[in-house]
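See structure below.
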Amino acid sequence: MVIKDSDFDESLNYALLRGDMGAIWDTTKDQRLMNGTMNPELIQRSKERAIRAQLNSADGDTAETHDQFYRDHKLLLVLFRALAVMPILRSSPGRITFNWRSWASIYAYCFYFLSTIVVLVVGYERIKVLQETKKFDEYIYGVLFVIFLVPHFWIPFVGWGVAKHVAVYKTMWGAFQVRYYRVTGTNLQFPHLKVLIVIFSIGCLICAIVFLLSLSFLLEGFLLWHTTAYYHIITTLNMSSALWYINCRGIRVASSSLSDRFRKDVAIECTAAIISQYRFLWLNLSEMLQALGNAYARTYSTYCLFMFVNITIAIYGALSEVIDHGFQFSFKEIGLIVDTVYCSTLLFIFCDCSHNATLQVAQGVQDTLLSINLLKVDLPTQKEIDLFIQAIEMNPAIVSLKGYAEVNRELLTSSIATIAIYLVVLLQFKLSLISQQMPVDLLENLQKAHAH
């Protein structure tokens, strides 16, 4: 099965990669004569590169052979498909696709329909509790439980709606790994990734179960059968954080491996052809980093908004209880703090792993380029080094959610600042209501005392 070149043209959107770097190999013919050397090691390296040059990243079987990243994180994709969040399939060797009429999509429709019935029933019960409660802490909990049902209703928008873009991004990994092998002569490996995914998958399920059962035990009115509407939602939130971490870890490992191979190859032979190959490979990796943000932009934009609202309401509820009753913590206040820590941790993971991935993409190759002694290389090699450095400057390694936000640690700090502003405003309303209520209560007490 051969994947059409147009599919990769659409996903990569980069003209220099369309020829699969074939033009570069034309410039390396008779390299041993051009370099003025008959070094057997260099001759052997040239022969091996010529053999690897025959590989085509658009060939499905070739991509399937070298796509180690898919084999390592396949379990996570299966779990997302089981939860009806991302119905993408490995339809043919080396290619991941999405079809609205595939069996995975039909399963997603059925699962979503049945779970929607449960969510609506539980949601109706939670809203009834919200309307009947008069205690402030219980009201805050009621609001949070209703908010936690919201992610279920945006699954068609942030899951199925972006599945096509996610499928293209996942397919790009196979093509990149073939190109990586062509340039470096080694297959890209992701140490411990499969074990991590098993741990994350089990951990996400256990955390969701423990979190919901503990709330059912601690809170009055949150019945055990109410938890059935939340299991798939909490698990999906946890796994979304795990998925983002795995994707960023994959980029980080690929960046580190590329920079290591680049440093070793340049130490053996620093030629214009070698640097050109690595420049195109690095640009492909940079394109994948940008494609990661674009593919999941809708998913993680709503994810951040959800965490932002949850953290704000939970902190406000906890601080209001402290203002009203002092530092007399009950299970309910502790629950609000746990919810704050839970959402803050997921938001931190999302921002921090993106930040670490972007740092790795350019740092290693840039250090190698700047360490090359330009006096010892020829003019074409000097020009390629300049082009590589310019490419790094013109293509900064950033994860952008389609331009709406750049995902890094600055997003975390700006979120904290925004939450703090909202909390100050909300607490000002709280304090003003208390100050207005105090004279009324004082007057009533005085009237009762005078009557006695």
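Yeah, the Cβs are placed from backbone N, Cα and C, and that goes for glycine too.
What TrEMBL records for 104-127 (among others) is transmembrane segment.
Same-chain neighbours of the transmembrane segment (139-160): 84-87, 105, 108, 112, 115-116, 119, 122-123, 126-127, 129-130, 133, 219, 222, 229-230, 232-234, 236-237, 298-299, 302-303, 306, 309-310, 313-314, 316-317, 320, 332, 335-336, 339, counting only residues six or more beyond its ends whose CB sits under 8 Å from a CB of the stretch. Annotated transmembrane segment per TrEMBL: 139-160 (among others), in sequence order.
Residues annotated as transmembrane segment in TrEMBL: 195-217 (among others).
Per TrEMBL, the feature transmembrane segment maps to 229-246 (among others).
Annotation source TrEMBL lists transmembrane segment at 300-319 (among others). Within its own chain, the transmembrane segment (300-319) has Cβ neighbours under 8 Å at 136-137, 140-141, 143-144, 147-148, 150-151, 154, 157-158, 237, 240, 244, 333, 336-337, 339-340, 343-344, 346-347, 350, 401, 404-405, 407, 411, 415, 418-419, 422-423, 426-427, counting only residues six or more beyond its boundaries.
Per TrEMBL, the feature transmembrane segment maps to 331-350 (among others).
Tertiary proximity for the transmembrane segment (411-429) is limited to same-chain residues at least six positions away from its ends with a CB under 8 Å from its CB atoms, namely 304, 308, 311-312, 315-316, 319-320, 323, 347-348, 351-352, 405. What TrEMBL records for 411-429 (among others) is transmembrane segment.
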Chain residues in Cβ proximity to the transmembrane segment (195-217) (below 8 Å; excluding those fewer than six residues from its ends, i.e. six or more beyond): 72-73, 75-76, 79, 223-224, 226-227, 230-231, 234-235, 238-239, 242, 245-246, 249, 335, 342
